[in-house]
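Visitor: After the structure tokens below, expect a handful of questions from me.
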Amino acid sequence: MATFSEEQEALVNSSWEAFSQNIPQLSIIFYTSILEKAPEAKAMFSFLKDSDGVPKDNLDLEAHCEKVFELTRNSALQLRAKGKVEVERIALKFLGYVHAQRRVLDPHFLVLKEALLKTLKEAMGDKWSEEVSNAWGIAYDELAGVIKKGMS
């Protein structure tokens with residue numbers, strides 16, 4: 001169980017605001033970063049499978065990116081409020097099933113975390129800090145742990 005401070009929650013919320021201001025551009029940075037580190041991941045995303053590179057103006061891509069960041073932010077809020085991340089049973093089964101079907105492995109979770117942090121750093125510019133990185137990293141790690149449990 002991770003402890004999450006009020007300051008960490010505030011950092012996640014303020015950086016979420018920076019991210020949500022420019023989802024179309026930041027989603028391209030996010031998926032480009034994923035594919036640079038793990039080109040095989042392209043086949044895991046239906047909206048990337050049949051494209052060369054990362055398509056611009058792709059609503060499915062943008063929605064998925066926003067969902068990843070939103071789930072991670074919600075994990076931070078839960079960590080602060082409850083001391084743990086909880087996902088509804090139906091949602092957990094779905095997340096676990098989808099990730100298992102796509103053959104997501106532990107290294108893929110790490111690649112996604114690195115892409116998430118890189119994207120947030122881009123969104124925040126000079127307001128980025130190690131503290132912001134740590135707060136999002138904790139929230140993401142807890143969420144990934146819950147999804148991995150749902151995969152088994």
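Using the three backbone atoms N, Cα and C, a Cβ is placed for every residue, glycine included.
Here the structure is a predicted model, which means the values were calculated and not measured.
Residues annotated as domain 'Globin' in Swiss-Prot, with sequence analysis given as evidence: 3-152. Residues annotated as nitrated tyrosine in Swiss-Prot: TYR31, TYR140. According to Swiss-Prot, the phosphoserine annotation covers SER46. Annotation source Swiss-Prot lists heme b binding site at SER46, LYS67, HIS99, ARG102. Annotation source Swiss-Prot lists O2 binding site at HIS64, citing sequence analysis.
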Visitor: Work out how many Å separate SER46 (phosphoserine) and ARG102 (heme b binding site) at their Cα atoms, rounded off.
Guide: 10
Visitor: I need the nearest neighbour of TYR140 (nitrated tyrosine) among the binding-site residues HIS64, LYS67, HIS99, ARG102, using C-alpha distances.
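Guide: The answer is LYS67.
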Visitor: Count, for each of the binding-site residues HIS64, LYS67, HIS99, the other C-beta atoms lying within 10 angstroms of its own C-beta, and report the residue with the smallest count.
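Guide: Counting other Cβ atoms within 10 Å of each of the binding-site residues HIS64, LYS67, HIS99 gives the minimum at LYS67.
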Visitor: Distance check, please: Cα of LYS67 (heme b binding site) against Cα of TYR31 (nitrated tyrosine), rounded to an integer number of angstrom.
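Guide: Counting only the Cα atoms, the answer is 13 Å.
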Visitor: Among SER46, LYS67, HIS99, ARG102, recorded heme b binders, what is the largest CA to CA distance in Å?
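Guide: Of all Cα pairs among the recorded heme b binders, the widest measures 17 Å.
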Visitor: Can you tell me how far the Cα of TYR31 (nitrated tyrosine) sits from the Cα of ARG102 (heme b binding site), in Å?
Guide: 16
